[in-house]
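K.L.:
Dropping the structure in here first, questions after.
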Amino acid sequence: MAEIRLAGRPPSPPRRHLLAVSDLGREDVERILGTAATLARSLDREVKKLPALRGRLVVNLFYESSTRTLSSFDLAAKRLSADTMSLRSSGSSVDKGESLKDTALTLAAYDPDVIVIRHPCIGAPQVVAGATAAHVVNAGDGKHQHPTQALLDLYTMREALGRLEGLHVAIVGDVLHSRVARSLVEALALVGARTTLVAPPTLLPRGIEALGCATTTDIREIAHADVVYVLRMQHERMLPGAAFVPSLREYTALWGITPDRVRAGQVVMHPGPMNRGVEIDPRVADSGAALVSEQVRAGLVVRMAVLYDLLTSGPVEIVRALEVA
Amino acid sequence: MTLFCRGGARDTLRIEGARVLDPAGGVDGAFDVAIEHGRITRLEPAAEAARGLVLAPAFVDPHVHLRTPGREDEETVASGTAAAAAGGYCAILAMPNTDPVVDCASVLGALIEAARAEAVVPTGFVAAISRGLRGDQLTEMAELAALGAAGFSDDGKPVVSAGLMRRALQYSAVAGRPLALHEEEPTLSRDGQMHEGAVSAELGLAGWPSVAESTMIERDCALAAYEQRSLHIMHVSARESVAAVRAAQARGVAVTAEATPHHLCLTDDAVRTLDTNVKMNPPLRSEDDRQALLDGLRDGTIACVATDHAPHARHEKDVPFEEAPFGVIGLETAFSALYTFLVEPGVLPLELVLERMSAGPAQAFGLPLPRIAEGEVANVVLLDLEARWTVSEEETRSRSVNSWLLGRTLRGAVVKTVADGRVVFAA
Ligand SMILES: [Zn+2]
């Protein structure tokens, strides 16, 4: 019943957010990845700071510990000369039972340009977007979305393989609990790549094919892929009682990425941190096929590009910003 | 059975030239109606009916949460029944999952007193099946029934123990009041935030599968058949559930069922917005499920529309979707929502909607049928089918505003409600 679908997006001209991959069109992805590539070149210089966002305030509001993502966003903002402020769940009002909406309202008093939020609950970025005038970037909400991860993964794939359109990516592991998988499936569909999800049947969400991907429980299917994208196996899912799979040992035997399962010419990616010997064999993780540190480097430039894209009017100004530097 | 309400003199009024439509009573035509001292004293054919005005039997809602005792900031007997009056209702039943739970004579007695003092429309109170809704010990059902309990329910929770469910069915013979069940197999629905399907897969929200409802309905229908007792299934949401109720009815089980306006009008697609005002339990399901509910309503498998009016404080809904409580309000918008989204587009006939909102629920709970006939106590609603109105926070009579319809313009409005012979609402 389309006629009674609730209005989810603000009326135009909308204040732009990056809450989910579905906020992006294909041309947005192209533009952001292009900006990221330009920025990557600028970072090769001796002085790595650009003046593009001087005087802007980026607040990192992190309700989940994630040193990796927080430092990536923080450095991305600093490289663009923005001021940054980070609130973590420890030692802030976040722990004192204050509601997310109240915290957002408090932050709004500082007039931030961008709020980057990581939260264990799906829908938290929507609450912040509704309570403040800032552009909001979702840095991970529960099992829902982590759009900058998806963009940095696209960037990494394009750098390594030279294209995105027509690529075949196999995403292996705990899809059910993975915001990385959900974001990446949507992003790959957007750029014309093909995705196959490979997982134990208990960790494949019912109905996921509607996102435009294939599913299988057979690990041998990864042989057909250009990219093997390994998801982090969360140990607590394997505990007796959680009962998603009978044991970690059996999971590793059936779905672990071992050297014999990786074909020559394939690249292997992982959002980190890796459980070596669980979802990925150390011999694969340390091989030339693994692009894990490339992903971390891509994270910085892609997040710079996202902040830049939200706060400026697009690719024309980037040239000027770089010239000024 | 007894309903409780503020007393006072009954009203006298005339309604001239409306289309009188009492589907259960077989009345449909232009009439002048006279109500004197609360009774319908004259029903005379009129030359012509005024455009768009329909006089129908007032509505009965078997499933309302009044939040008192315990959460009077969200709703009270006074505010909830005022909302019911504005929605065209002449009788409502309030659920017992309050704080404290309505599981003993003292809590029920206090509510009945509150209703006598402040209820705008006749209100019945459903008492708990199990003490504290803990699912392990029956309430004193006979004593509660004698005091005036309208029925028994652990709503908000399923009766997990099949053994306790069986004893409740057996004991309902002594109490003489129906059992109303919230059906959810908790090991299947555990942590579920929304319907399990393509949208939950996309959003990453934990799924509440439709079979968690239907397997429990099948269990309870089997027990009801074995004990030869009757059952009422609340807020049916899934195709499999409609099929389970239909199959039980076909083999002679005395089971009735209800569906809510939101399950009839919306699907899980609405959850894509992550608007907490579409988070309910049972969850909004797929279009396929919605069609099955509509079929169930058409063929009578589902005899009642119930709002499951569930007020929640604003600060409790102003949180991330996963943290928000389940439930939406619905008393003031039920008719207009169904009219706008189902009757006007031709999905359901008006007569059917009126019947399922009035005679159906009254019958299921053994209440006197609101009828439009000479000699009857007036329980009528005057509707203006041509009216348009926009749902707004300011004009909501409920103390809570957690409506999925906020800001929407609806067709069809309640103009006047007469309950138990008194004008309880006039626009
Ligand atoms: Zn319920």
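Just so it is clear, glycine is given a Cβ too, placed from its N, Cα and C backbone atoms.
Take a look at what TrEMBL says about it:
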BINDING   A:ARG68, A:THR69, A:ARG118, A:HIS146, A:GLN149, A:GLY272, A:PRO273  carbamoyl phosphate binding site
BINDING   A:LYS96, A:ARG179, A:ARG232  L-aspartate binding site
DOMAIN    A:16-159  domain 'Aspartate/ornithine carbamoyltransferase carbamoyl-P binding'
DOMAIN    A:165-308  domain 'Aspartate/ornithine carbamoyltransferase Asp/Orn-binding'
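Would you situate these features in the structure and describe their surroundings?
P.N.:
Long-range neighbours of A:HIS146 (carbamoyl phosphate binding site) (same chain, six or more residues apart, CB within less than 8 Å of its CB): A:ASN138, A:ALA139, A:GLY140, A:ARG179, A:VAL180, A:SER183. In this structure, A:HIS146 (carbamoyl phosphate binding site) belongs to neither helix nor strand by DSSP; it is coil.
Sequence-distant contacts (6 or more apart, same chain, Cβ under 8 Å) of A:ARG232 (L-aspartate binding site) comprise A:GLY173, A:ASP174, A:SER178, A:HIS270, A:PRO271, A:GLY272, A:PRO273, A:MET274, A:ASN275, A:GLU279. DSSP classifies A:ARG232 (L-aspartate binding site) as coil under the three-state reduction.
Confidence in the domain 'Aspartate/ornithine carbamoyltransferase carbamoyl-P binding' (A:16-159), given as mean pLDDT, stands at 91.
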K.L.:
Max Cα-Cα distance in Å among A:ARG68, A:THR69, A:ARG118, A:HIS146, A:GLN149, A:GLY272, A:PRO273, the residues listed as binding carbamoyl phosphate?
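P.N.:
So the binding residues stretch over 17 Å, Cα to Cα.
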K.L.:
State which of the following binding-site residues has the fewest other Cβ atoms within 10 Å around its Cβ: A:THR69, A:GLN149.
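P.N.:
Comparing Cβ neighbours within 10 Å for the binding-site residues A:THR69, A:GLN149, A:THR69 has the fewest.
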K.L.:
Fewest other Cβ atoms within 10 Å: which of the binding-site residues A:ARG68, A:ARG118, A:ARG179 wins that one? Let me know.
P.N.:
A:ARG68
K.L.:
Taking Cβ distances under 8 Å as the criterion, give the subset of the binding-site residues A:ARG68, A:THR69, A:ARG118, A:GLN149, A:GLY272, A:PRO273 near chain B, ordered by sequence.
P.N.:
none
K.L.:
Using the CB centroid of A:ARG68, A:THR69, A:ARG118, A:HIS146, A:GLN149, A:GLY272, A:PRO273 as the carbamoyl phosphate site centre, which other residues of the same chain sit with their CB within 8 A?
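P.N.:
Apart from A:ARG68, A:THR69, A:ARG118, A:HIS146, A:GLN149, A:GLY272, A:PRO273, the close residues are A:SER66, A:SER72, A:ALA139, A:GLY140, A:VAL180, A:PRO271, A:GLY299.
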K.L.:
Would you mind ranking the binding-site residues A:GLY272, A:PRO273 by how many other Cβ atoms sit within 10 Å of each Cβ and giving me the lowest?
P.N.:
A:PRO273
